[in-house]
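Feature annotations, courtesy of TrEMBL:
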BINDING   Gly61, Val62, Thr63, Gly64, Ser65, Gly66, Lys67, Thr68  ATP binding site
DOMAIN    48-201  domain 'Helicase ATP-binding'
DOMAIN    456-614  domain 'Helicase C-terminal'
MOTIF     114-137  motif 'Beta-hairpin'
Amino acid sequence: MTDTCWMETEISLTDLHAKNKKQSQPFKLVSKYQPTGDQPAAINKICASIQAGNRFQTLVGVTGSGKTFTMANVIQKLQRPTLVLAHTKTLAAQLCAEFKALFPENAVEYYVSYYDYYQPESYVARTDTYIEKDASINEDIDRLSHLAVSSILERNDVIIVATVSCIYGLISPLDYVNLTLPIKVGQIKPIKDIVTKLISIQYVRDDFDFKRGAFRLRGDTLDIFPIESENMYIRIKFFDDEVESISEMQALNNNVISKRTFVSINPASRYLVREEAIKEAIPNIQAELQARLAELQNTGKIVEAYRLEQRTNYDLAMMQETGFCKGIENYSRHLSQRLPGSAPYTLVDFFPDDFLLMIDESHMTIPQLGAMYLGDHSRKQALVDYGFRLPSCLDNRPLTKDEFWQKIKQALFVSATPGDFEHENSATFAEQIIRPTGLLDPEIEIHPEKDQIAYALRQINLRIERNERTLLLTTTKRLAEEISEHLKKNGIKAAYIHADVPNQKRSEILRDLRIGKYDVLIGINLLREGIDLPEVSLIGIFDADKQGLSRSTTSLIQIIGRASRNAHGHVILFADTVSESMLEAITETNRRRQIQQAYNAEHHIVPKTVQKGVRELLSTKLDTRESETEYKARKANQRRKKQVLDLAGVDNNEEHTFMSKLEISEHYAELIKAYQVATKEEQTMFGQQIEQVQKQAINDLDFETAAKMRDLKALLDVSI
C-alpha cells in the first residue's frame, strides 16, 4: 500500500458527510427514565412537525419540566447531527454536561469563545489611540473547540453545544478538510516532507515541552500531539521513507493505547489557508491596496496611506514566506475567494445540510444573533477609515441575522417564555407544563420595600435551617455587592455574581452554592435563564415593580422559575406597588401551578425536590480526567513534600506533625525554625540534603525548584 501525495484529489464536503453517515453509529440515549407527563406528546408533536418539513417549531416548557430530556429524545428519534445554541457559556457548559450524560456513546462537544481575555484591534479617533489586538487563550476551551470542529467532519452522531461564537468567521470547511494531513501504514513519504507539512499547518517542533499542537523527531520516530487532544499523542515509526507503524500513545506515561493503520492530523489553526489560495489571493490584495491608496491620497490622507501601505506589504511578505501572518483573518475574503459583502464561513458551514438547530432559552439567544454584527462593523470601519486595514477586513465578521437564518433549514426553539420571533415564525408549538417530579410553580409573596433586607435575612435563616439555598436579585452591581457584604457581617455565607465576574469563576460560584459553600447568591441578570439549582427554595426579587427589561413579564417568569425545582419553592417580590409585569407574571405562574396541582391529584403524585448530582458546571474540563499539567504539578508537590519530610527527619505517616503539611515554596519560616533548634549534626545533614534536591532539580531542568533550594540555603545561613 503506497500513497505518494497528501491529497491529490480534493474531498467534497458532501461526499465526506455522506461517508460519515454510513459509518457512524446511531444516536443512543441512555437514561433510567422514560418520557412522562407532557413529554411524550411534545416529543411526538415536534418530530412530526420537523418530518413534515416545517422550518421552525417551538417547545414552550416551564422550568423543571424536562426540556433538555425532551430535546435529547427528539435528537434520538430524528437521528440528525445537532447544533444546540445557548446564550451564555455557563448554560452551554451545563447543557453539554447533561447531553454527555444522556449520550455517552456519541460525540457531544463544546464550542464557545476560547479567550480568557480579548481586546480586539481598534482605533479611537477622538484621542488618536490605536489599540492592537490582545488576547489570552484558554488552552482547554481552545482544545474543546478544535475537537468540536473535527467531530463534525469525522462522524454523523455529533451534538455541538455552542454560544453565538459559532457565527464568527472560520476557515472554509473545504480548505480545512483538504489541509488535514493523512498518514497511513505503508505510505511512502520522507520524514522531512511530513515535517514540512506539519509546519505549514501550524504545528511547531518542540522536543522538550511536548504538548498539543507540537511534534518532536527522534531518529526514525515522529511524535505528533494533535491540536484537539488532551492526553494522547500519535507515534509514527518509519523504515527509511515508509511509514512502518502508527500508535496512539498515553502522554503521561508513554504507554501504547492502540495501534492504528491510518491517522488524520487536523490543522492547528482555524485560519489556515492552502498555499495555492495564498498565491491566488496576493494579486487581489495588492490590487485592492493600490485602489485604496489612490483613494486615500486623493483625499489628502497621506499618513493613512503610508500606514496602510507599510502594514499590508509586511503582511503580504509574511504570507508569501511562511503562509501566515498576524491578523490573517482580515484577508479572509480574498483567501476564500468570496465576493465583497458575502457571508463568511462559520461553524454552521461545517455541518451537513440536514443538521438540526436547537436554540435553548431562545427568547434570550435569538436577539444576540443580530447584535454581534453591528458592534463588529462599527469598530472595523474606524480601522479602515484611518488606514489600519483594507476595506475587505469588513468581511471578516460574524454573520448578520439574515445571513444566519439563510443557513438554517430547520430549527427548534426552546423557552418558557418565547419571544416575538418564535411566535411569528413557528409552525408548531408544543407545550410542556407538567413536571414529571410533580413539583409546583412556587408560591409568590409581595412584601413592601420597608425593612426588606431585615425581612429577607429572617427568611434566609429559615432556609439555612433546612439546608436550602437562596437567590437574591438586584438591579445594580453595586447593590449586589453591598447586600453580599451585609449578609456576611450577619454570619451568612454569601457571594455575588454579575458581569464583572469571569465566566469560569461564575460557574465555580454556582457549583459552590449547590454544595453548600454558600447559602445565598446575589445577582442581577445572570441568574434568570437555564441555571439548574434544585437546592434553591427561596428567591427574593428587589425592586420588583420597577419598569425595565430586567423586571419585564418575561424576566420575572424566568426568575420565578428558578425556585420551581424545589418542593419548598417560594418567591418574594419586594415592591410597594404591583406593576403590570408583576401581575402578568403572577397570573401565569398561578395558572401553571393549578395545572400541575390537578395533574398531581389525578395521578397521586407528592412533589419531591429534584435530586441531582453536582456536575462541573463549566468547565473547561467536561470530564474528570487529569490533565498532563495537573499530573506533573501533583507529582512535583508530592516529591517536594517528601523532600521536606526527609529533611526534617519526619516519618511520612506522622500526619499530626506540622512538617507533614508543608509545601517547600510556602513555609520557609517553619523550616528556619526547625533548623534553628536542630543540632550541629542535623544542620549539616539538612544542608547536604538541600544541595542534593537542588542538584536533582537542575538535572531535571526544574529550575524553579533549584532556585527555591538556593534561596532556602541562603535563608538558613542568615538565620544562624
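Here the Cβ of each residue, glycine as well, is placed from N, Cα and C on the backbone.
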*Note down the number of other Cβ atoms within 10 Å of the Cβ of Ser65 (ATP binding site), including every protein chain shown.*
28
_Remaining residues near the recorded ATP site, that is with C-beta within 8 Å of the centroid of the site residues Gly61, Val62, Thr63, Gly64, Ser65, Gly66, Lys67, Thr68_ = Thr70, Ala416, Gln432, Arg435
*Identify, in sequence order, the residues in the chain of Thr63 (ATP binding site) that are 6 or more apart from it along the sequence and have a CB within less than 8 Å of its CB; answer 'none' if there are none.*
Ala416, Gln558, Gly561, Arg562, Ser564, Arg565
_Let's see if you can do this one: DSSP helix, strand and coil counts over the motif 'Beta-hairpin' (114-137), in that order._
3 helix, 15 strand, 6 coil
*Same chain, 6+ residues apart, C-beta under 8 Å of the C-beta of Thr68 (ATP binding site), given in sequence order*: Leu95, Glu98, Phe99, Leu102, Asp360
*What three-state secondary structure does DSSP assign to Gly61 (ATP binding site)?*
strand
*Around Gly64 (ATP binding site), how many other CB atoms lie within 10 A of its CB?*
24
